[in-house]
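Participant: Below you will find the structure I want to go over with you.
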Amino acid sequence: MISAGSLLAGIARRQTPVPTNADQPSCQRRVYYTRLASSGREFRFLPRLTSTMESRIQSADKDHQITEDKKLAIDNTYTQADFDRVLKKQDRILIPLMWVMYGIQQVDKTGLSTQATFGIVADTHMKGNDYAWLSTIFYIFVRPRLLLHYDPTEITQYLLGEFPGNWFMQRFAVGKTVAISMFAWGVIVFCTAAARNWMDLMIMRGLQGFTESIISPAFLLVTGLSYRKEEHALRVLIWGTANYGFAVIVALINYGIGTAANAHPEGLAAWKGMSLFLGGITAVVAFATFFCFGTPREVFWLSAEEKKIQAARVAYNNTGSDVQKREEWKWSQVGEAFLDPQVYFFFFVTVSNAIPSGGVGTFGNLIYVGLGFTPLDTLVKGTLPQNVLGVCWFLLAGYVLTKFKHMRFFWIMLSIIPAFVGMLVLSLVPTTKKNLWPKWGAFFITITGQICGALVWSMLSTNIAGRTKKSVVSIVIFTAYCFGNAVGAQVFQAKWAPRYRPSTVILSIMFALEFLLVAIWRCYYVAVNRRRALRLDMKGVSPEDRVMLGSQKGEADTTDLENVYFVYDY
């Protein structure tokens with residue numbers, strides 16, 4: 001298996017601006033290095049300094065009021081060794097912590113699927129579609145007077161937590177905000193063991209959804225501010241593997257809890273033991289989060305000089321660095337977000353991906369039971385090997401995306417194909433003893449479709465510029481995410497159990513729709529990049545000038561639409 005360490009060290013092609021103290025005619029000369037990881041060789045070239053470059057930079061300074069503090073991210077002189085040293089330090093501390101944090105929130109959120117096979121349905125006297133609503137309430141806020149009528153409002157629980165969460169992160173420390181939310185949902189998960197009926201579970205799941213809503217936007221924000229654009233996808237994929245890697249660890253622990261509960265039926269129920277374990281470990285990790293997690297400007301483990309080096313590294317993303325706190329909420333960027341075509345691609349692709357994700361995340365173990373597996377078998381023959389495949393697929397994606405440029409959308413489409421085929425087989429092949437393992441294999445490969453959400457989310461950090469716009473788009477994405485997950489849980493109706501054939505047909509259609517949307521989205525990015533490049537060529541702006549001017553505008557908190565030098569990654 002490809003290790004995460006080798007992936008982090010194997011960035012296939014990295015371009016890093018390294019300022020030098022050579023002759024400085026009208027503005028500082030810069031040397032650009034292109035390093036090929038496979039050979040270790042370096043090639044350098046001096047950018048063509050046009051006579052108008054200084055005036056362009058001065059114009060950008062005047063138009064966007066770039067302060068001296070902001071210029072530190074671009075104008076300080078650092079070596080490639082400085083950049084590598086800070087990058088390795090971030091990878092050593094930040095990535096492992098994010099892996100654990102993201103894994104915990106995922107198993108806390110989807111633990112209900114395992115608990116359903118260990119007695120939570122019977123012990124809390126659920127009937128009909130009660131169980132499906134436990135997943136939906138995680139994403140949808142339901143008015144108390146309507147609970148008994150199963151009539152949800154249009155306000156998502158994640159959305160209710162999403163807006164205040166983004167507001168707090170923009171005005172207060174991101175790490176501290178996430179840690180407090182994490183501790184709160186850990187306590188809620190712990191208290192789930194005391195639930196006596198479906199109403200208790202509904203309240204706790206709703207509160208859990210509210211407090212967990214902050215985690216993914218925070219991760220995308222921290223990733224975007226901590227790493228360069230070409231490094232985003234790999235880091236998102238690495239901490240995204242926690243969805244499956246951490247689930248493997250928890251599956252083994254849950255197997256032990258389930259075995260012990262079966263041996264002592266008069267003792268604590270297995271599903272209650274699982275809640276106590278998950279809630280306890282979440283609260284403990286929240287303390288580490290409080291002290292170690294955050295943006296580069298917030299964390300204590302980067303020195304003042306290292307923070308300047310880090311800001312210089314990411315300045316060339318053209319999305320702005322973390323050299324200063326941006327507290328201003330710009331309504332112009334809010335309006336632009338809803339006029340930007342790519343925001344609608346974000347929304348509809350996320351919905352089409354989240355519907356299968358929500359359905360399988362809630363009913364995955366019950367699908368295995370419907371095939372003929374016992375509750376314990378669902379862990380060791382279903383959940384565990386499927387999650388191992390998920391980890392391997394994520395790591396393979398990271399390797400491919402670092403070796404080849406412009407592969408992100410192609411990999412998404414490639415990942416959708418096995419998921420689509422697997423769901424079709426589940427839908428069309430009869431459930432018999434003879435077909436047990438073929439249908440197991442079909443459901444097994446659907447895990448590849450889950451990578452699409454992580455790759456789409458990574459493009460928020462890469463292709464959206466402007467701090468306020470990025471916050472707004474994150475709300476749009478996670479509104480789509482919670483809407484899709486809420487609908488996905490309702491796709492599995494009790495009357496279709498245990499085979500759920502109509503449900504798997506609907507999920508197949510969603511995968512096909514997602515494939516089509518992603519293909520169109522890629523064409524959009526290619527067209528925009530070509531149009532911008534053509535206009536700049538006609539104006540005689542050199543590639544080196546575009547990098548410098550794009551960075552200046554990025555530090556001025558301009559958006560990707562305002563910054564004519566911005567290049568979309570796909």
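Note that Cβ sites are derived from N, Cα and C of the backbone, with glycine treated the same way.
TrEMBL feature annotations, pasted as is:
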- 177-195: transmembrane segment (TRANSMEM)
- 236-257: transmembrane segment (TRANSMEM)
- 269-293: transmembrane segment (TRANSMEM)
- 343-364: transmembrane segment (TRANSMEM)
- 384-402: transmembrane segment (TRANSMEM)
- 409-428: transmembrane segment (TRANSMEM)
- 440-460: transmembrane segment (TRANSMEM)
- 472-492: transmembrane segment (TRANSMEM)
- 504-525: transmembrane segment (TRANSMEM)
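Please situate the listed features within the shown structure.
Facilitator: Tertiary proximity for the transmembrane segment (343-364) is limited to same-chain residues at least six positions away from its ends with a CB under 8 Å from its CB atoms, namely 109-110, 112-113, 131-132, 134-135, 139, 337, 382-383, 419, 423, 446, 449-450, 452-453, 456, 459-460, 473, 476-477, 479-489, 491-492, 500, 503, 506-507, 510-511, 513-514, 517-518, 520-521, 524.
Packing against the transmembrane segment (504-525) from elsewhere in the chain are residues 341-342, 345, 348-349, 352-353, 355-356, 359-360, 409-410, 412-413, 416-417, 419-420, 423-424, 426-427, 449, 452, 463, 488, 491, 568-570: each is 6 or more residues past its ends and has a CB under 8 Å from a CB in it.
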Participant: Can you say which of 236-257, 384-402, 440-460 has the most Cβ pairs under 8 Å with the transmembrane segment (269-293)?
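Facilitator: Out of the listed stretches, 236-257 contacts the transmembrane segment (269-293) most.
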